[in-house]
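According to Swiss-Prot:
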BINDING   H73, S113, H114, A115, G146, A147, N175, Y293, E375  thiamine diphosphate binding site
REGION    91-110  region 'Disordered'
COMPBIAS  101-110  compositional bias 'Basic and acidic residues'
BINDING   D145, N175  Mg(2+) binding site
Amino acid sequence: MGILDTIRNPQDLSKLTEEQLSQLAAEVRSFLIGNVSQTGGHLGPNLGVVELTMAVHRIFDSPRDSIVFDTGHQSYVHKLLTGRQDFSTLRQEGGMSGYPDRGESEHDIVESSHASSSLSWADGISRARQLTGDGDRYVIAVVGDGALTGGMAWEAINNIAADKRRRVVIVVNDNGRSYAPTVGGFADYLASLRPTIDSFRAAPAYEGTLDWWKRKLQNGGPVGQFTYRSLHAMKKGIKDWWAPQGMFEDLGMKYIGPVDGHNLQAMEHALSTAKNYAGPVIVHAMTEKGHGYAPARAHEADQFHAVGIIDPETGVPTEAGGAQSWTSVFADEIAAIADERKDIVGITGAMLIPVGLHKFAARHPERVFDVGIAEQHALTSAAGMAFGGLHPVVAVYATFLNRAFDQLLMDVALHKAGVTIVLDRAGVTGPDGASHHGMWDMAMVQIVPGLHLAAPRDATRLREELREAVAIEDAPTVVRYSKGNVGAEVEALERLSDGVDVLARRPAGSSENDVLIVSVGAMSELALDVSNRLGAQGISSTVVDPRWLLPVRKSIIALAARHRLVICIEDGVRAGGVGSRIRQEMRAAGVDTALNEVGLPVEFLDHGTRAQVLERVGLTARQITHDVVAQVLGTKVPFARPLPGQEHPTTGSLPKL
C-alpha cells in the first residue's frame with residue numbers, strides 16, 4: 001500500500017515525515033499521469049501544483065479555512081488529498097467533476113471554472129466571516145498568473161487590500177502560462193520577480209524585528225516618527241531595487257516570495273509566515289506546468305494543459321486522429337482571408353491555439369493580438385480597431401462571451417462597429433460540465449440591435465458564412481460552431497432568394513405540408529433524421545437551414561405559414577432562443593402556425609459526452625419524433641390562417657394512418 005492510499009482527509013498529511021511527504025508527492029504525480037491519461041483532462045496544470053497544494057492543506061485547516069481554486073481545473077491534487085481517489089470516472093457522466101464540486105465534498109467551496117473570479121469570492125467570504133464573528137478563519141485563493149491578466153482579479157485586490165484585518169491569503173501559482181505563455185505588462189512584471197527568490201524576507205525573525213522597531217520608533221515622539229518614515233522610505237527603495245515587488249505592497253498587500261513552488265518546505269514556511277501575518281498577503285509561488293512528466297515539459301504548445309486519452313509513457317494520443325475539427329476549418333479559412341485582406345486582424349483571450357488563430361498569427365504575427373484573459377477588453381478594443389479602419393475577428397469560447405455582453409451591446413453594437421465574433425465550443429460541449437457548455441449565446445445575442453448571427457451546419461458553410469460575416473462593416477456579426485469534429489457535408493436541395501437552404505422535402509414532390517423543421521447549425525443531421533422518421537409515420541416535412549439566424553429571414557415566415565406545425569431544433573436554451581425569435585416574427589407577420597422550441601432547458605447541465613447530455617434533455621431524433629407525431633396525429637395543431645392576400649390556407653390535410 002502506498003502513502004496516497006492512506007490519505008482520507010487533509011489532517012492525515014500532518015502525520016507524515018519529510019521523507020514520506022516527498023514520497024507522497026511522487027505518488028500523486030504517478031497517480032495523475034496513470035489516471036488522467038485514461039480519461040482525459042487537465043494534466044499539466046495539476047502536475048505543477050502538487051507540492052503547492054500539499055503545503056496549503058498542511059498549513060491551513062480545510063474546510064474551516066476556505067480554499068478557493070481559480071479556474072478550478074488545477075484542483076485534482078486537492079481532490080486526492082480530500083479523499084477522492086476514484087479518478088476512473090473523472091469527467092464521465094455521473095462521475096467525478098473536472099472542477100471543484102460542492103456535491104462531492106465539503107472541502108469544495110466554489111464550483112469555479114471561469115478565470116479571475118477567485119479573489120472576488122475570497123473578498124466576499126472574508127467579509128462575511130468578519131460580520132458573523134468568524135474573522136479568525138482564513139480564506140486562501142489559489143490563482144494562476146494567467147488569471148491575473150483578467151481585470152476582475154484587480155478589482156478584487158483593490159477591495160481586499162483596503163482592510164488590513166481580513167485573513168486572506170492569495171497564492172499566486174506562477175508558471176508563466178495560462179493555456180499558452182502569459183502575455184502583457186503584468187506578465188512582464190512577474191517575470192522580473194522570478195529570479196529573486198528571497199528566503200530572508202520570509203523569515204519570522206525578519207518580520208519580528210521590523211515590527212519591534214516600528215513600534216519603538218512610532219512611539220518615540222516626533223524624532224522617532226521622522227526616523228521611522230525615513231528608514232521605511234529607504235527600505236522600500238532598497239527592496240524595489242533588490243526584489244521589485246513594490247506594486248503589491250503599494251496596494252497595501254504584504255508580499256512574500258518568489259518561492260519555489262516545488263519545494264514543499266519552502267512553501268510551508270512562506271504560508272506559515274502569511275498565516276502569522278493575519279492580514280491580506282500574497283504568496284508568490286513559482287511552478288512548472290507539467291512538472292515531473294517529460295512528455296508534458298517537452299510539449300511546447302501547452303505543456304499538456306488538457307489532454308485526451310494518451311499513452312502514459314510517451315504522452316502520444318491513443319485515440320484515432322486525423323478527423324477535421326470545426327476549429328481547424330476556421331483556422332485555415334481565417335488565415336486565407338487574412339492573406340487576402342490587410343484590414344483583417346485577430347484577437348484572442350489567452351487561447352491562440354484552442355480557438356484556431358495560430359495559423360493566422362504564424363503568417364501575420366503583427367495582426368494577431370493576445371489580450372490575456374480579458375474578454376471585456378477584447379470586445380471594446382475590437383470596436384476601437386473597427387473605428388480605425390480594421391475589421392477585427394474576436395475568437396473566444398462561447399461560454400466566455402457571457403462576460404463581455406455589455407461591451408458587445410454598448411461598445412460594438414451601439415456604435416455599429418464591423419466586428420466579427422467567432423464562438424468556438426458553442427452548444428453542448430460535454431466533459432467540462434455546466435460552466436463550459438456554450439448554451440447561452442444565442443439567447444443572449446437575440447436582444448442586441450442590428451447583430452447578425454450565423455450557425456454553419458458543416459465545413460463548407462463555415463467557410464462561406466465566415467466570409468459573409470467579415471464583409472459586413474456596419475454591424476457586429478457572430479459565427480458559432482460546435483466542439484469537436486465536423487460532420488459530413490449536408491448539401492441543400494436549393495437556396496432561397498434570402499439565403500435560406502432547403503435541405504429536404506419529404507416525401508419528395510408531396511403537396512402535403514405538415515411540419516416545417518428549422519435546423520440550427522450542427523443540428524442538421526438530427527433534423528434530417530427526424531424528417532425521415534416522420535415520413536415513416538406518413539407525416540410530410542420540409543427541413544430548412546436558415547444559415548443566418550439573425551435577422552430572421554422572410555422566407556422562414558412564409559414557409560411557416562404554409563405548414564401546420566413548425567419545430568425549431570437548436571442546441572441553445574429554449575427560453576429566448578432562435579425558436580422564440582421566429583415565433584415573435586411569425587406573430588408580427590400575422591402567422592399563427594404552432595411552433596415548438598426544441599432546445600435545451602434553462603438548467604445547469606452536468607458533464608457527460610455531447611450525445612449523453614443531449615439524450616438526457618430529450619434532444620434525440622426518437623424523442624422529437626414521438627412528440628411531433630403525438631401533436632400532428634392527435635390533431636392538436638390548428639390550421640394556419642392564409643397569408644395576407646390569400647383566400648385559403650395552403651397547409652395540407654392530416655395523414656390517415
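Any Cβ shown, glycine's included, is placed from N, Cα and C.
Feature annotations (Swiss-Prot) mapped to structure.
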residue: H73; record: thiamine diphosphate binding site; DSSP (3 states): coil
residue: H114; record: thiamine diphosphate binding site; DSSP (3 states): coil
residue: D145; record: Mg(2+) binding site; DSSP (3 states): coil
residue: N175; record: thiamine diphosphate binding site; DSSP (3 states): coil
residue: E375; record: thiamine diphosphate binding site; DSSP (3 states): helix
Local Cβ density at G146 (thiamine diphosphate binding site) - other Cβ atoms counted within 10 Å: 29
Binding-site residues near D145 (Mg(2+) binding site) (Cα-Cα within 10 Å), from H73, H114, N175, E375: N175
Listed in sequence order, residues with CB under 8 A of N175 (thiamine diphosphate binding site) and six or more positions away: P45, G48, G144, D145, M286, T287, E288, K289
Which of H73, H114, the listed binding-site residues, has fewest other Cβ atoms within 10 Å: H114
In the chain carrying E375 (thiamine diphosphate binding site), residues 6 or more apart in sequence that have Cβ under 8 angstroms from it: G349, V396, F400, L401, R403, A404, Q407
